[in-house]
């Protein structure tokens, strides 16, 4: 493992890794924001629920 750090500068490698992870996190968040289900800024679109009222038939007609 120590030979790897002789090939690469540790400071540059860590800065590069942090930059890559930050860009990846931004990309994932923007992809989620572009979907309707996971867009937490605008909220989920609430569609009106369709209900049907059924009146029970009365078999005991007088």
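Any Cβ shown, glycine's included, is placed from N, Cα and C.
Feature list (source: Swiss-Prot):
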BINDING   29  bacteriochlorophyll binding site
MOD_RES   1  N-formylmethionine
TOPO_DOM  1-12  topological domain 'Cytoplasmic'
TOPO_DOM  34-52  topological domain 'Periplasmic'
TRANSMEM  13-33  transmembrane segment
**Request:** Take the topological domain 'Cytoplasmic' (1-12) and average the pLDDT across it for me.
**Result:** 90
**Request:** For the topological domain 'Cytoplasmic' (1-12), give the DSSP counts of helix residues, strand residues and coil residues.
**Result:** 9 helix, 0 strand, 3 coil
